[in-house]
Amino acid sequence: MLCLIGIYTTGQKFGIRTIFYVFTGVSYAHQASVQVQVEPVGRWFEAFLKRRSRNVSASFQELEEEEELSEEEEDEELQLEEYPMLKTLDPKDWKNQDHYAVLGLAHVRYKATQKQIKAAHKAMVLKHHPDKRKAAGEQIVEGDNDYFTCITKAMEMLSDPVKRRAFDSVDPTFDNMVPSKAEGKENFFVVFAPVFERNSRWSVKKHISSLGSMDASFEEVDNFYSFWYNFDSWREFSYLDEEEKEKAECRDERRWIEKQNRASRAPRKKEEMNRIRTLVDTAYNCDPRIKKFKEEEKARKESEKKAKAEAKKREQEEKERARQAEEEAARMRREKEEEAARQVAQQAKKEKEAQKKAIKKERQKLRTTCKTHSYFTDNEADGVRMMEEVEKLCDRLELTSLQTLNEALASGNKEQSKAALENQVQEVNDQMQKEKEAEMQAQQTARGAEHTSAGGGGGANNRGWNEEDLQLLIKAVNLFPAGTNARWEVIANYMNQHSSSGVKRTAKDVINKAKTLQKLDPHQKDEINRKAFEKFKKEHSVVPQTVDNAVPSERFDAVGAESNSSPWTTEEQKLLEQALKTYPVNTAERWEKISDAVPGRSKKDCMKRYKVSAKAPITKIAFKNI
């Protein structure tokens, strides 16, 4: 049987110590040595790393003795400052107390180590413990109301790294002041250097660029401001939370408290970042080095710009000479072309003006001739109709046709002139009718193609619109103006109730037809309105002499009177409104035609009635569409 009688080492290489174990038998008859390689672990491995980092070969015991000696020196150097307001503190208001001052570390604050905090707490306990004070005959407050609770709470906050960081973030002695521009411009480095050094304690990164001096290079200054413009602060404000999640009774309440606390921290964090940004912006604007760099950069750019401008100027001068020669030649050619084009345009303009004057003259001649012969009729209604036909001729006929017609009217007697005028009117109406039929045919063909492409059959809704349906649609559009609730459904129902064609129209059909009417030629619109007016006038040909609550009118007795002061009847109002629709604003001699359409009323009466009705609340909406 072998027994271990000794251990010795031969050295160390790469953390591996060669150890020899010497074994011997009980009878000492046999001796043998075994070589085993082992690696340091635990605190021995830690000591090995320290020796390697310090490049020394001290043993573990020597390192421990060195650490204990340094700790004792620190404890000897630590001097506590007695807090004069300690005994007056309220334990219930512990959040508002200065924990460093309570432990006597007000002069060290966030730089205090955990060992210093423990030593300070131990000293404060030995001095202010209730048992000590009670033995000395001091009056003690029972329970947690004694000021010794503040010492315990201070130790609790500063011994926990998380809670200590929360308290350090709201350090009551920290100066959040940002220097003004006036202060910074006077002595920039003296004013801002301590401010940046003071605020650097909140940086997550430990390698912080210094403000430097006036001789700092552009890269150093740029790195400094880049660091502070992208400043990453660990400062947080959980210490100021009103609710403590540890007091929550359940998980949901704890989550609610955390949500409330996060919401209250966010504006404080935002305010802190704005303060840092304001500090950096103020320093950047006051930094004389930035001004110097900008001036140097400006001078460099100006010199480069000046050199480029001179080179460009020389190049442009050469091009300018060549360009001026080309422009001179082009200008001469262009002047000749413009002169020729100007003469052609002037000649065309003169011809156009002459033709326009001739057409205007022939139209006026035609109107005068027809008006002189009372439009070749003694009936007032036929006179109005013939007046419309004459206006239609003036719009439709060309110069040669107008000249031929005027010659025919001037050369023949009244009957021949009437026949010539009626023949011309018939030709124009036939031409308009053919155009209208062609357009209707094209619309029906297009509508049929749309229904065919959509897969629809030839139902009743695909049939064309006759004149009565068009007049009824115009009337319904005027009766139900824009803004009416479900306007197009109401118009469709109105047409289905009053139409004699028996065709049922939908809102979609009515909208499509209304859009088509909007695209029609103005002459076709006038034709539709004229027919509607003739129908309306035929239905209301007899004008009653009296109205409700009105005295009998004597306006027909005063034929030659300039103005009629008698009240307007309902029928006269309807005739006036229909005439206003029939003769739009661009119609020549509009008010003469309107007055002719309202029996017994002069041009002045109609204009006056229109102004009064346009201002009345009831008829104002109706007159807007006229």
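Backbone N, Cα and C define each Cβ position, glycine as well.
TrEMBL has this to say about the protein:
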type	residues	note
COILED	56-83	coiled coil
DOMAIN	98-171	domain 'J'
REGION	295-365	region 'Disordered'
REGION	433-463	region 'Disordered'
DOMAIN	560-614	domain 'Myb-like'
DOMAIN	563-618	domain 'SANT'
DOMAIN	567-618	domain 'HTH myb-type'
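Residue counts for the domain 'SANT' (563-618) under DSSP, helix first, then strand, then coil, are 34 helix, 0 strand, 22 coil.
Residue counts of the domain 'J' (98-171) by helix, strand and coil are 52 helix, 0 strand, 22 coil (DSSP-based). Helix, strand and coil content of the region 'Disordered' (295-365), in residues and according to DSSP, is 71 helix, 0 strand, 0 coil.
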